[in-house]
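Annotation source TrEMBL lists NADP(+) binding site at 12, 13, 14, 15, 16, 17, 38, 72, 73, 74, 75. The NADPH binding site annotation in TrEMBL covers 59. The annotation domain 'Pyrroline-5-carboxylate reductase catalytic N-terminal' is assigned in TrEMBL to 9-101. According to TrEMBL, the feature domain 'Pyrroline-5-carboxylate reductase dimerisation' maps to 175-278.
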């Protein structure tokens with residue numbers, strides 16, 4: 001893997017996701033070789049002041065300075081940003097897109113000039129990487145999937161993974177799984193928040209003040225998630241450990257099953273998956 005302190009890294013867009021990841025990166029690595037731009041220059045200046053990195057006003061200037069270029073803009077703006085920075089493309093550049101629903105082939109098409117001819121030898125395609133982080137990156141607990149074009153050296157993939165690991169867990173996956181990633185970890189926090197809210201509503205029904213209800217519900221899911229990740233027992237065994245014979249928990253589980261809890265969750269994730277597939281078609 002490359003020595004990260006010696007490479008230049010840039011982020012176009014510093015919203016919730018891009019900003020969270022780059023705050024994590026600047027907290028671990030020297031910010032002197034890290035550059036950011038935003039649609040509103042003052043926001044980039046404020047981010048630079050907070051993290052110690054460098055704010056630039058031009059996306060093209062950032063692309064020329066940086067070897068690793070993260071695109072943290074909405075999918076609708078990806079093509080225009082890639083067009084804007086095209087003159088900076090070289091074989092050494094690595095473009096890392098956070099845009100949901102944009103495949104590597106669509107990113108590649110967006111990189112190319114619309115009038116590119118077979119005789120045009122001036123255009124150079126950079127290496128392309130897709131990532132799908134999720135909202136817990138804000139607290140350094142993201143689940144991020146990475147996929148890349150076949151021609152990218154493994155060393156560069158490891159560098160991208162190392163950078164992203166500052167904001168949570170990272171895994172490389174084949175691109176065919178990226179729609180599933182979008183539905184599970186990308187959208188998953190919303191499902192968890194909805195469950196927390198429902199559990200908190202039950203607590204309020206039982207007499208808890210609202211703030212305390214959220215604390216009990218959220219901490220319970222946090223602890224359960226930690227056990228699911230760290231405990232050697234299977235998820236089924238962990239569930240059984242809470243379900244005492246003739247106890248209260250098994251009654252709750254039976255009620256959830258009777259009302260199609262598992263099927264409802266699977267249907268919800270499938271709806272998100274299908275939407276992601278349609279965005280890519």
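Glycine is treated like the rest: Cβ placed from N, Cα and C.
TrEMBL: automatically predicted annotations, no manual curation.
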Report, in whole Å, the straight Cα-to-Cα distance of residue 59 (NADPH binding site) from residue 73 (NADP(+) binding site).
12
Residue 16 (NADP(+) binding site) CB neighbourhood, other CB atoms within 10 A:
11
Secondary structure at residue 38 (NADP(+) binding site), reduced by DSSP to three states:
coil
If you measure every Cα to Cα distance among 12, 13, 14, 15, 16, 17, 38, 72, 73, 74, 75, the residues said to bind NADP(+), what is the biggest one in Å?
15
Inter-residue C-alpha distance, the residue listed as 'NADPH binding site' and residue 16 (NADP(+) binding site) (nearest angstrom):
19
As a test of the contact definition, list every same-chain residue at least 6 positions from residue 38 (NADP(+) binding site) whose Cβ is closer than 8 Å to its Cβ.
13, 14, 44, 47
Determine, from DSSP, whether residue 16 (NADP(+) binding site) sits in helix, strand or coil.
helix
Under a three-state reduction of DSSP output, how is residue 73 (NADP(+) binding site) classified: helix, strand, or coil?
coil
